[in-house]
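One structure coming up, written as structure tokens, with questions to follow.
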Amino acid sequence: MTTVEIRRLPHNQDLPLPAYETEGAAGMDLRAAEPVTLKPGARHLVPTGIAIALPQGFEAQVRPRSGLAVKHGVTVLNSPGTIDCDYRGEVKVPLINHGEADFMIARGDRIAQMVIAPVTRIGWQEVDRLDETARGAGGFGSSGHR
Ligand SMILES: O=c1ccn([C@H]2C[C@H](O)[C@@H](COP(=O)(O)OP(=O)(O)OP(=O)(O)O)O2)c(=O)[nH]1
Ligand SMILES: [Mg+2]
């Protein structure tokens, strides 16, 4: 198992660290480090009270929790958010309330999830012509929808 350094920030000496909630969970749930009420249509950058140092070759993706989306219309605005491996600031979650009711977040609530994923970095080889394929330039529904 890969071990990753994590730091609790001064305003968070008490919240549980992000954790896998089940044995097969892909993501670790992130908790709000401060309470906030999201009015319908409102967005807010919610602090999580943690900072991490991912090893080179990894990223963390900040993704919505489906329960919040389905039940309340609350989702991660920039989903999937990208935490770069050289970022040492606080992990924050830009939430938006697409629902019709106020959404109350208490300190410690699980508001999103973070999936650690490998990253491939590439270099470009600029060319005048790309190889030919069956698809060619077809896209955006070119193959139909049935
Ligand atoms: O949901 C997110 C997305 C990003 N970040 C942090 C970590 C990431 O490494 C940094 C920059 O994110 P991104 O590259 O998506 O934002 P940007 O608008 O391109 O800012 P920058 O110019 O700082 O790269 O912000 C978060 O805490 N939460
Ligand atoms: Mg960026």
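From the backbone N, Cα and C atoms, a Cβ is placed for every residue, glycine too.
TrEMBL does not curate its annotations; it predicts them automatically.
Here's the feature list from TrEMBL:
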- ARG65, SER66, GLY67, ASN78, THR82, ILE83, ASP84: substrate binding site (BINDING)
- 15-144: domain 'dUTPase-like' (DOMAIN)
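Help me picture where these features are in the structure shown.
According to its DSSP assignment, SER66 (substrate binding site) is helical. All protein chains considered, the CB of SER66 (substrate binding site) has 10 other CB atoms within 10 Å.
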In sequence order, which residues at least six apart in the same chain have a CB under 8 Å from the CB of ASP84 (substrate binding site)?
LEU54, GLU59
Around ligand 1, within a Cβ distance of under 6 Å, which of the binding-site residues ARG65, SER66, GLY67 show up?
none
Over all pairs within ARG65, SER66, GLY67, ASN78, THR82, ILE83, ASP84, the annotated substrate binders, what is the largest Cα to Cα distance, rounded to whole Å?
26
Over all shown protein chains, what is the count of other CB atoms within 10 A of the CB belonging to THR82 (substrate binding site)?
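Result for THR82 (substrate binding site): 12 other Cβ atoms within 10 Å.
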